[in-house]
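Undergrad: Here's a structure for you.
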């Protein structure tokens, strides 16, 4: 038996029960390699599991191996049968000798092994002579796939000046071949481009720094990595990947001024905050590593300031205090630039700052006058006569020519009527006496103008305080409404009083209270000073009678502590009230009013009752009149009910536009056809007789209905469909018809009233009135 016929085949048995005790192992050698086969000792199979190497097969079918039973006597009585994966389509077996052949090309990357079953059948009995057995055919790999970089192209970033050996990034390639067999999938990485700055680990693909690099020299590198399978041996496949490596910035550079000396100028008229100029320090770093702050050093910090423009990283020099050409014409300013963020790793390389000198010249200008003070505070006593001196303001021209100055007050006419200023020397005087109680302070604005250049003007505020003079007498703060009961007892407190003074007092006001001289001897009351700017009024007798005296007028003397002290006499009115000892303000107030009118309480109640009755009577009359007006209005509505038409017809909606002319319904005023007034005189007698016998069958009634029907048909304002109209017919009425002028086109002059004489004695007076009036018009 030939177990192996081709050098590319290796037979390996796979058995369903490989550990069976009746199995023994036998080594079989071939010409170019060794393999292991299994043979049963007694009856059974010889299993030879197979390996097939994937390759470009040019001749089909290709022999793989042979299966053989030890019961096979090679007389053709046994039949070999193959089943399982690929049986018949990929693998076939010779049924007489058990040789297996492959009839298609195989690809290990698609399927790496096939599981098959073999059986031997007796051709005569068609019964199996051996149990079916399973075996495996494995596809052995060859190097038929190139390695690939699946994640490329690669981009990596690493800080500049990183030390040698720092890991940058890792590239990884894959190979579709079998990594467990041979070297087909064993990869090797190498660096094609990027030396001497970078290196790559051959087995892992990790890229590392090979030397320190400065971003300011070059900030981007292009590295090419190559990978080979077969461990780089001859005939291996290869692939390349590109890695872009960027160097990120670190703060390893100090700022540097472009110039060591700057020249600038500023006018002495420039206000505070004026931009004088810009300085700039350069920094090779970028981003926040190039951010810097500027500072002013030396004695000029109180005059000049510097800020940083965060967009341009320039230092802006500003005027912090007004400069004066006459005082100082030139400044030397030292400016410093310092990195805002400093990397501590590079501190030993030196300070990250730089300095420069800025020369600033002050330019002369024609300046306005300057007052000796920023503002003036002056005082004057109230009541001082007009022309009294208040104070003096002074301004000078700061320029060398020392131009004369003219002063003026620029406030409104009110202050100009109180104060005036000498335009040559700045003396301020009053024009009229001042009253502190009207205004304690006056704020005026004084201007100083150069006479040679009137455009140069400056101004200053002058605050004038009016000093207090004790010129106002003390007085009661309000009117005191004081009552005393008729049954009061002596020494009872009936009122507390106080005082006010419009004047100011440095030590505070203090008032003294006492009775006036004329009331000290004959007074029913006494005054007690409480020594706290208040006083109490007490009774000096038991009981009062308002029949004897209703009012008491008590003069009270008030003295202030001003210089000189002023006194005033204030009268306190005390009213006697009909009460025991406790005063009720409301009762006493109105009781006094009635008593002064001579009315008692009972009389007042009676008057109020009469007023109430009169008011009820007036309301009743108004209610009756309103009720009558409502009833008259209802009767008028009944008279006009003939003209009211109600209908509840439902139209055809918005689409029903041809049923009737809807514009008639929208007309606010319907013009009825004028009908001439009938001549009543010719029909008066017949109508009178007919009116006595009017009924549903009467010709007059039918004529009335016909006329109303005709009016409804011809009326454009009538409803568009049939409708029910109700009329109240009361007969022909008076023989004379209606006396109303409504609907008549004739004036009184066009009518003949002679027929009134024919109505009888009852209408004689009416006939004489109308006939005589007509004759008078004629």
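Keep in mind that glycine also has a Cβ here, set from the backbone N, Cα and C atoms.
Below are the features I grabbed from TrEMBL:
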{"type": "SIGNAL", "residues": "1-21", "note": "signal peptide"}
{"type": "DOMAIN", "residues": "69-149", "note": "domain 'Cadherin'"}
{"type": "DOMAIN", "residues": "150-257", "note": "domain 'Cadherin'"}
{"type": "DOMAIN", "residues": "258-371", "note": "domain 'Cadherin'"}
{"type": "DOMAIN", "residues": "372-476", "note": "domain 'Cadherin'"}
{"type": "DOMAIN", "residues": "476-586", "note": "domain 'Cadherin'"}
{"type": "TRANSMEM", "residues": "603-624", "note": "transmembrane segment"}
Undergrad: Per DSSP, what is the residue tally for the domain 'Cadherin' (69-149) in helix, strand and coil?
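TA: Counts, helix then strand then coil: 0 helix, 37 strand, 44 coil.
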Undergrad: Under an 8 Å Cβ to Cβ limit, what residues of the same chain, 6 or more beyond the ends of the transmembrane segment (603-624), are close to it?
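TA: Sequence-distant neighbours of the transmembrane segment (603-624): 594.
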Undergrad: Give the residue counts of the domain 'Cadherin' (150-257) per reduced DSSP state, in the order helix, strand, coil.
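TA: Across the domain 'Cadherin' (150-257), the residues distribute as 3 helix, 47 strand, 58 coil.
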Undergrad: By DSSP, what is the split of the domain 'Cadherin' (258-371) into helix, strand and coil residues?
TA: 10 helix, 56 strand, 48 coil
